[in-house]
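What follows is a set of notes on a single structure, which appears directly below.
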Amino acid sequence: MGSNIRAQIEAQLKQRILLIDGGMGTMIQGYKLQEQDYRGERFADWHSDLKGNNDLLVLTQPQLIKEIHHAYLEAGADILETNTFNATTIAMADYDMESLSEEINFAAAKLAREAADEWTAKNPAKPRYVAGVLGPTNRTCSISPDVNDPGYRNVSFDELVEAYSESTRALIRGGSDLILIETIFDTLNAKACAFAVESVFEELGFALPVMISGTITDASGRTLSGQTTEAFYNSLRHVRPISFGLNCALGPDELRPYVEELSRISETFVSTHPNAGLPNAFGEYDLSPEEMAEHVKEWAQSGFLNLIGGCCGTTPEHIRHMAMAVEGESPRVLPEIPVACRLSGLEPLTIAKDTLFVNVGERTNVTGSARFKRLIKEELYDEALDVAREQVENGAQIIDINMDEGMLDAEACMVRFLNLCASEPEISKVPIMVDSSKWEVIEAGLKCIQGKGIVNSISLKEGKEKFVEQAKLIRRYGAAVIVMAFDEVGQADTRERKLEICTKAYRILVDEVGFPPEDVIFDPNIFAVATGIDEHNNYAVDFIEAVADIKRDLPHAMISGGVSNVSFSFRGNNYVREAIHAVFLYHCFKNGMDMGIVNAGQLEIYDNVPEKLREAVEDVVLNRRDDATERLLEIAEEYRENAVGKQEDASALEWRTWSVEKRLEHALVKGITEFIVEDTEEARLNASKPLEVIEGPLMDGMNVVGDLFGEGKMFLPQVVKSARVMKQAVAHLEPFINASKQVGSSNGKILLATVKGDVHDIGKNIVGVVLQCNNYEIIDLGVMVPCEQILKVAKEQQVDIIGLSGLITPSLDEMVHVAKEMERLGFDLPLLIGGATTSKAHTAVKIEQNYSHPVVYVNNASRAVGVCTSLLSDELRPAFVERLQADYELVRDQHNRKKPRTKPVTLEAARANKVAIDWQSYTPPAPSQPGVHVFDDFDVATLRQYIDWTPFFLTWSLVGKYPTIFEHEEVGEEAKRLFEDANEWLDRIEQEGLLKARGMCGLFPAASVGDDIEVYTDESRTQVAKVLHNLRQQTEKPKGANYCLSDYVAPKESGKKDWIGAFAVTGGVNERELADQFKAQGDDYNAIMIQAVADRLAEAFAEYLHERVRKEIWGYAADENLSNEELIREKYQGIRPAPGYPACPEHTEKGPLWELLNVEETIGMSLTSSYAMWPGASVSGWYFSHPDSRYFAIAQIQQDQVESYAKRKGWDLLEAEKWLGPNING
């Protein structure tokens, strides 16, 4: 199946330039869809906002997506992309729609398939194809989202593989002809995607053609994760795609040099689908179809293109003009690329026939470097990184990393170190050699490197079957491989055996596995000479001659080896060892040895070895004399005074002799943290005031960083590293600055915050770093920041600009709210809007009209500096704002052409569609123990059994489900340590009473009256104690009810005697005092730990108490017998909704709960003015017993319900709108 499609498409590509379609998001945006459009009927009651979930439209608006497909096909597109850019389970998690990923991918492929087939039927001479799209996800596998923890990852390779596998299967099942891995900004994500795709192909028994398309993100010409175009290509070349290309981020002008480079280096067809130019000052794409076609025609005439299409800002008209531009132009002819081993880190490394000897740094090996082993054992990873950095600075073109030591967790150490290496551009620019005798360590390492690395090593020692299995996986991971000359019989120690084993391995790898011969690197075993054992004397000669044999008989294979092994007999005399290495390598290189694992800082030059010593060494290495060993031993003593070896190359630390100002600047530019505190302190002592250090050398260094970044000479990982150094320096100076009450100068003070309800801040952090590098003072409030805090800090700190960020769709409404509050409170600051779900359209239509001062949509970090400069310049601001407002007016005019389609229902209609319960046939259970029950100083040992540990790990940003998180390759060990620490605290809490758990519950006679619930003082039901006010879902529902909590309590008129429960529990009595003690001691870890444990105890208490209520106190489920896992999954009868959460979102309803139970007086829990509970580790809510009761979400409500709710609560409309704001439609 796959081979036929590939042959068909390749035949087409050789004849003409094929057309890919254009921007799907651009076209969807043109429809001006509203929330209800995204929801459709099926998701009308979904608990979170869905607007912006474009992939969901294949289910809710399939006719619209098909209409877009037809438009592109009519314009001339040969290849349709499925509407699945964000359809992986990982990306769909933003909407809690992971379970729909497979269905969405299938439906999207099916829609595209139907459209393509219709057009193929119209003109069989122009067949149309479907490319199943796999987007990059919203996470990065090779970049930490936390600038303070470069080793942390928020997604693993295995999680990506699982997500991409599910999407791939569905895309194929839906009818895709090709798989398109596109908009790659993190190559490791793409490698995981390719791994998943190839695994699915193997599973299905056929392969489809694969297209790969990456994204160059800035002027440096690199991906977001730091790779050059060629390095990126080398990293994914193993996939053998039908096409390799670039898309998004840049317009044709900016993208041209990278397309040209790709066309030069790629053995396969080249594709590109650029944006319609760069976004202008207002965030829109200006390049017209005609202008874009001119660029495309020039590319075609220059011989760059095999496939062309469009990305952001492009439309069917752009594709139509592109089609006309390339008509009659010859497609790019595939070039003859010389066979070579093409490796990569952030930069490419090509090893060809004419390449000089490649040095592989050996010092990052715990078995070969005592210093490195000590640093890893003591977890001094910053210093261990220095070892790697020194190797690269001293000339290592590859670094070998080995963690095999009995007292180390080799797998965890390998993962941690490789993740940290990825954050150090000076190290990660070179390819990585993952070195281990344990396959699981090798595999864990391969899952951490975005470049094309080398595995060291595999062999035939355990037989052919194991050898083939490992080789296939290495190829799928995209690595080259070192093969040891070792089989079931043993290691090859003679020239003949070396060639025999290597030949056997080569034939298996190349002929059977399909491994590229240029990616096979043989290690024919370097053994020690001059050992005093005659049988060892010819070891070096055997190796040197075997090198020539292998190069002659095994085409394109390479040769490597551990060079230091040859001199092992002279350990302790480094000078002589280096002489042996120099002589040995000289003869090996002459015979064709390609690379060697060496100490890059201690390589001697053959001609620099003293003649007398060199001759004696040569006698040993070439086995020219029977007494060669004895003669070398004698001569070696003459060099004993040099036995310490050459001193460490002083040039690496030459900068330490510079002035302190220059040292600080150098440290910032290079991202060196080792000396930053001592240098900052020296600069402080030299300055008349501490602020001068920031405004002088530190800012000078950051200005250099900003300039280099702006010029494309420095890229994002380096900038982030520089920011880390700056933070450490400023942290040291802050106490002195505060003591002297100094105020510094900057280009402006900018407040950044991820809005309430959103935890995503990668983009915000990058913007902050870039602005800091351009001398803006940044106040970063972090994530989940409420409006009131943003505005309070903005006033207190007298900031010049406020910047809001958000990734998930509910953040858009929160941004509107912030703008309204800024207007209401009389702010006059510019407001910046950014984040993945934000858009110019939303900014213009929903946000800008609510605020009288500039609101600017900033779609990337590089644009932020120009925008801020314009906004804070008296000269530039008027013209900038005038253009901005004119542009937004145009956007609004376009938006208003389409009338919003909404499907609300009246409150009367919603009430008529309440939950249908036959109350006459149902007898509500009376409680066994009515009234209020208090649990003071409750037994912590009991609560421990009910803890749900998964959220505990999330508190520490460790993603994974308990207890399987302990097996997680990246976070498992850390999770175990946290778990142990938490349980140690729980032991202390039990034994010493450090925290108190208090709780209470009550069961009260109740009846529903419309949407509200009356709670009575006693069983006579004559006096109402409290009325609980509820909201009802108010969206049209062809199927299902419009839910309200009152539906689950017997109506007053039914005469049935029903009940309701209330509860409040806390695990945090004394929590604040304990945490404050630790903070005062500088122990943030235990401060956070005690709060996290208290939070888990509160949730466990809520779970325990609900179970006890069901089984004993109310007793309606006396026979219930559920495990803790089943309790966590809510497999029981009844619900316990909490005020402030989806089923009852209005927070003031906690008030009646507090009063019914007399909570504050009884157990000390209180409510703040905004109805937040105190202590923070607290839970409260209601108990409903009806077997049909279920959780649901109240989304948007209409004005009639707002008025009804206000009247029932005794509020005026203004008060109602304040508390119901998030749920009010419009």
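Any Cβ shown, glycine's included, is placed from N, Cα and C.
Quick look at what Swiss-Prot lists:
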- CYS248, CYS311, CYS312: Zn(2+) binding site (BINDING)
- GLU695, GLY757, ASP758, VAL759, HIS760, ASP761, SER805, THR809, ALA861: methylcob(III)alamin binding site (BINDING)
- ASP948, ARG1136, TYR1191, PHE1192: S-adenosyl-L-methionine binding site (BINDING)
- 6-326: domain 'Hcy-binding' (DOMAIN)
- 357-618: domain 'Pterin-binding' (DOMAIN)
- 651-745: domain 'B12-binding N-terminal' (DOMAIN)
- 747-882: domain 'B12-binding' (DOMAIN)
- 898-1226: domain 'AdoMet activation' (DOMAIN)
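Across the candidate stretches 6-326, 357-618, 898-1226, the maximum count of CB pairs under 8 A to the domain 'B12-binding' (747-882) is reached by 6-326. Of the chain residues outside the Zn(2+) site list CYS248, CYS311, CYS312, GLY23, THR183, ASN247, ALA249, HIS273, PRO274, ASN275, GLY310, GLY313, THR314 have their Cβ within 8 Å of the site's Cβ mean position.
Recorded residues CYS248 (Zn(2+) binding site) and SER805 (methylcob(III)alamin binding site) have their alpha carbons 21 Å apart, per Cα-Cα distance.
If you draw a 10 Å sphere around the CB of CYS311 (Zn(2+) binding site), it holds 29 other CB atoms from the protein chains shown. A separation of roughly 43 Å, to the nearest angstrom, links the Cα atoms of CYS311 (Zn(2+) binding site) and GLU695 (methylcob(III)alamin binding site). Cβ neighbour count for ASP948 (S-adenosyl-L-methionine binding site): 16 (other Cβ atoms within 10 Å of its Cβ, all protein chains included). Of all the binding-site residues in the list CYS312, ASP948, ARG1136, TYR1191, PHE1192, the shortest Cα-Cα distance to SER805 (methylcob(III)alamin binding site) is found for CYS312. For the pair GLU695 (methylcob(III)alamin binding site) and CYS312 (Zn(2+) binding site), the C-alpha distance works out to 40 angstrom. When the C-alpha distances from CYS312 (Zn(2+) binding site) to the binding-site residues ASP948, ARG1136, TYR1191, PHE1192 are tabulated, the minimum falls on PHE1192. Close to PHE1192 (S-adenosyl-L-methionine binding site) in the fold, though at least 6 residues off in sequence, lie ASP45, HIS47, GLN1033, TYR1043, PRO1142, ALA1143, each with a CB less than 8 Å from its CB.
GLU695 (methylcob(III)alamin binding site) falls within a helical segment according to DSSP. Within 10 Å of the C-beta of ARG1136 (S-adenosyl-L-methionine binding site) we count 23 further C-beta atoms, all protein chains included. Cβ neighbour count for CYS312 (Zn(2+) binding site) (all protein chains, 10 Å cutoff from its Cβ): 22. Taking DSSP states H, G and I as helix and E and B as strand, the domain 'B12-binding' (747-882) has 66 helix, 26 strand, 44 coil.
All protein chains shown were included, and the count of other CB atoms within 10 Å of the CB of GLU695 (methylcob(III)alamin binding site) stands at 16. Under a cutoff of 8 A between CB atoms, and with a sequence separation of 6+ in the same chain, the neighbours of TYR1191 (S-adenosyl-L-methionine binding site) are GLU1130, ILE1135, PRO1137, PRO1142, ALA1143. DSSP gives CYS312 (Zn(2+) binding site) a coil state; it is part of no helix or strand. For the recorded site, PHE1192 (S-adenosyl-L-methionine binding site), the DSSP three-state label reads coil.
The maximal spread of the S-adenosyl-L-methionine binding site, taken as the longest Cα to Cα distance among ASP948, ARG1136, TYR1191, PHE1192, is 22 Å.
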